[in-house]
Amino acid sequence: MKHNLQTLRHSASHVLAEAVLELFPEAKLGIGPAIEDGFYYDFDLGKETFAEEDLAKIEKKMKEIIRQNQKFEKYEGETEKSLKYIKGKKQPYKLELGEDLKKEGEKKLSFYRLVAADGKRKFVDLCAGPHLDSTKEIGAVKLLRLAGAYWKGSEKNKMLQRVYGTAFAGEKELSDYLALLAEAKKRDHRVIGADQQLFFFDDLIGKGLALWLPKGVIIRNEIEKLAVELEERDGYIRVITPHLAKEELYVKSGHLPYYKDSMYPGMTIDDGTYYLKAMNCPHHHTIYNHNLHSYRELPVRIAEYGTVYRNELSGTLAGLLRVRGIAQNDAHIYCRGDQIKQEFKNVMALMFEEFKIFGLKDYSFRLSLWDPEHTEKYINEPKNWEYAERIIREALKELKVDFIEAKDEAAFYGPKIDVQIKNVIGREETMSTIQLDFAAKGKFNLCYTDETGKHNNEVFVIHRAPLSSHERFLAILIEHYAGVFPVWLCPHQVQVVPVGQDFLKAARKFAGELSQAGIRVWLDDLNETVGYKIRKGEKQKVPYMVVIGQKEAEGGDLQVRLRSQKDVAGMSKGAFIERVVSEIKERK
């Protein structure tokens, strides 16, 4: 029987658990699901810990189990008897999961057991499945790494040891995946960010709070400059809002209680309780309401690279991809119902234009909808949900954009479009979002004066962040470019290398000319060999390296080394400056 890859990997996680119990009989089992590109299992070894060398031993044992062709068998047991069985096995985490199912009203618990050819039961796990028919259907398996993970994802619980692995139907697929994994490791934004001195994290500052170094700030500023330029062209106005606000603002917006778990606890100040903002929208609504708007002014587009703070669990933090301090490419568009569709199209056009500039191509769209069966998570206004979802669906179809629909993934105040981008190994990350909010108009009394001079509160809000946040977008760009940024984004666009101290004056003069032309220049005036300086430039992925010696100091052609090739090109000073300035201007 043919099974999908998720089923195969879920089955591999059970084989992993069996292998660990054979090698570490006292191990306590957590959970072991299939994930997007593999599987994992969480273990509690008490006072022991896995070492890297243990992975090879465990993997060897897994392959033995796979060769044994053990059968997967499902069975169900009455809940109380099943709980007694789990308790007898001295598996406290499984017992807790079973008790959770009992509280949810489950009358029976589902198990899968692995059975050897002689009929002997080898391993039993609390699991709903599905699974393969036998272990031999797992064609290839590889354990990848160790990590820590809090039980049930809560920092209040014990830290367990997580073993990650992957599995495929055959060795060829595994080999191809491992090659992609090696490429992804080379492109890891955390490694490149450290090598190129772009950003770092420090325990004294706190987890998930990035410290931006000068070169990283240059890239941030260039991205922001592009966003501001295009947004101002498209009629956006820019504002700045504070980093915290009174509790009443977030109660009014509905973020308290709907979004409370993602916000940091309130702090008491003289006149009340204040919260660090986790979103910019209530602040922008307040700015919109500062003046009364005529129907002729709509749509009003309010933009800000606003810094927000999200209470992300430490186990979910991942370099710049998931952080706690976030600078968002945020804007809110206040429009009438008859303007929604066109404004959505305009935002999509802006996003396509920006993606093209950055060379981003491998992305897809997900329309995230509400779930009327779980109204406790959403503003319970079915007619508004139906209207909002229809408008977005029509806009996407008119743009001839392929998209999938995802139920129960919407924001609490309306449906949204999520833009998913794939990394080098095919893993998807949410990059951008466009959301339609029909709730804010009632909560904030958003209105305009219509043609008759009367107040009309049918103001819809489009939330949009095409370039995500500085943190996430730069992580995506670093891995997309593998650290080889286009000239316009590079912190150092030209490295000037004098051949010894005798030519330092000429090198400084040339560097000054580059700087005056608007080129970011790195004058490498340290007392080091030319070869060593060139290697430094190559490591930093500087687009152009120019060595200044006797001929260049006397006004001869420059010898320009491009990072993309080892050969040196001869070029006049004027032609070189013109070339670099052109690439910067055209954002190449």
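Cβ atoms are placed via backbone N, Cα and C, with glycine included.
Here the coiled coil (48-78) has long-range neighbours at 11-12, 14-16, 18-20, 22-24, 85, 107-117, 122, 129, 131-136, 138, 141-143, 145-146, 161, 163, 165, meaning same-chain residues at least 6 beyond its ends whose C-beta is under 8 angstroms from one of its own. As annotated by TrEMBL, coiled coil applies to 48-78.
TrEMBL lists 176-486 with the feature domain 'Aminoacyl-transfer RNA synthetases class-II family profile'.
Sequence annotations record features per position, and here TrEMBL assigns Zn(2+) binding site to CYS281, HIS332, HIS463. For CYS281 (Zn(2+) binding site), the count of additional Cβ atoms within 10 Å of its Cβ stands at 22 [all protein chains shown].
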Shell of the Zn(2+) site beyond CYS281, HIS332, HIS463, same chain only (C-beta within 8 angstroms of their C-beta centre): MET279, ASN280, HIS284, HIS285, ASP330, ALA331, GLN435, ASP437, ALA440, VAL461, ILE462, ARG464
Which of HIS332, HIS463, all binding-site residues, has a Cβ with the fewest other Cβ atoms inside 10 Å: HIS463
Per-region confidence, the domain 'Aminoacyl-transfer RNA synthetases class-II family profile' (176-486) (mean pLDDT, whole number): 93
